[in-house]
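Peer 1: First the structure, which I've put down as structure tokens, then a few questions once you've had a look.
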Amino acid sequence: MSDSASISKPGGHSLQKDEAELARMGYKQELKRELGLMQNFGVSFSIISVITGIPSLFLYGLNTGGPVVMVWGWVVVCFFTMSVGLSMAEICSAHPTSGGPYFWSAMLSRKGNAPLASWITGWFNLLGQVAITTGISFACATFISTVCTLNTSFVPTPKTTIGIYAAVLFSQGLTNTFGVHILHYLNNVSVWWHALGTTSLVIAILAKAPKHQSAKFVFQTFIDGTGPPGQGWGDRASHAYVVIIGVLMAQYTLTGYDASAHMTEETRNAAMSGSIGIIMSLGVSAVLGWFLILGLLFSIQDLGTTLASPTGQPVTQIFLDTVGERGAKVLMVIVIGAMYFCGTFSITSNSRMMYAFARDGGIPGHKFFSKVNQRWKSPIRTVWLACTLSFILGLPSLGSSVAFAAATSIATIGLYISYGIPIALRVIYRDQFVRGPFHLGKFSYPVAATAVIWIAFISIAFILPSVNPVNSQTFNYSIVAVGIVIIYSVGFWLLSARKWFKGPIKQIAVEEMGVDVMDPANAEKLEGIVVEVA
């Protein structure tokens, strides 16, 4: 057991001990530490947000495999994703810092490779964090546009959608700027909103539906809508190909639970709370998500109308067909509210990761972005960096469901590669891993190996084209975004960063020596003051 194991004591955990654990890893306590286990769980639960991910990609799911892939794909994805979550929870317990995966990569590498591993992981995590915020808040804007069309003459256009999208991001940015002290209250509201909202929604549509689909339709029906009739990927390649790309809905939904790690510097009893937060959020979301998928599929009244809904959203059509227009507005408000909470906490997590990466000199302008506002105790500059980058990444999705699916692929691939690198290092260098208070014992290695294989599989699967024939309108541009990050991170590393980026810096020790850790001019002084690897 690591010395962090001695920190967890029955009957409470003092802030001083959390700060001592952070200091052991070389950092000062700068963020406000006021979150408990439930708030830590709530951030990840709100970002996973099954009521955001499933409705966002419900049309994609129906066309790419249909009910059988949506239902059983969810179960398979939950199983493998839990292996990823358990492995991350074990590492988080040993290293509870807001840097999350990129800090873990440095700690789990050999000393000479730590800066490179940290650098690559950090950039993939940053890509995934930005893309996940894009997917969430753009979906929120789209659903707001859709609800505005109900019983009105309003017709959404790309201009109105981008305006709503900008307003959503701006308001979420303001909440993360000036409302940090109320975030944990919003967190509690969000948890109950998601849990009760999802349950109430499913009960309402099942109870009011004029008829229900058969169990055979829900559990066995395969649909290949990936191209014109007779020209889908099921005909051009195989049904297995459609199944593989069809699990994107499930895997995209089950992302973002690294938020529990990014919030550990603001969480009490971090070495246990962060780990339990990861596992709890995945477990509860797995059950709630399957419940939601089954409820929506059983409540479909006419498949053709649902797929070709004039609203553009099959979930909205299900609401209209089951509870009527007024009821649909209420249910849409529940979904939009969940999406808004989800986006708000995604920016919270996103900004903490960027702050931590900037603190260690990992992003351009890091000296500017590594500052914490002393009045609000929040990394305000990275909050607005997150909002700006997410806005830019959302622009290609205007009027294109294929581009939106690509954005969700980017989020999934970026985040899971950043999860996979430290887990893989944990497998490769398992002899040097020092456990925290939460660990898997003899199951640690097989669970981690399973997680790495699954991440490798989905990282390839989700860059594949999802619509046939492939042209400029149907091209899956996630490979472009991922390629840019690979070229930039590796290229910049070879040209410059390898000379000055030393991985997570032991901030306290360096500043006691009178060295500004954020100034690249001090690179030579930082030689040797790198995170020590056991």
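Just so you know, glycine gets a Cβ as well, placed from its N, Cα and C.
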Peer 1: Labelled transmembrane segment by TrEMBL, one stretch among 41-62, 239-260. Can you tell me which?
Peer 2: 41-62
Peer 1: Sort out the residues at least 6 away from either end of the transmembrane segment (278-300), same chain, that have Cβ-Cβ distances under 8 Å to it, and list them.
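Peer 2: For the transmembrane segment (278-300), the far contacts come to 41, 44-45, 48-51, 53-54, 58, 67, 70-71, 74-75, 78, 81-82, 85-86, 88-89, 92, 194-195, 198-199, 201-203, 205-206, 209, 212-213, 217-218, 250, 253-254, 257-258, 260-261, 306, 315, 318, 321-322.
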Peer 1: Do the transmembrane segment (191-207) and the transmembrane segment (69-89) share at least 3 Cβ pairs under 8 Å, sequence separation 6 or more?
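Peer 2: Contact criterion not met.
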Peer 1: Given a Cβ distance threshold of under 8 angstroms, which distant residues of the chain, six or more beyond its ends, lie next to the transmembrane segment (41-62)?
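Peer 2: Tertiary neighbours of the transmembrane segment (41-62) are 35, 69-70, 132, 135-136, 139-140, 143, 187-188, 190-191, 194, 197-198, 201, 223, 225, 246, 248-249, 252-260, 263, 276-278, 280-282, 284-285, 288-289, 292-293, 296, 303, 306-307, 313-315, 334-335, 338-339, 341-342, 345-346, 348-349, 401, 404-405, 408, 466.
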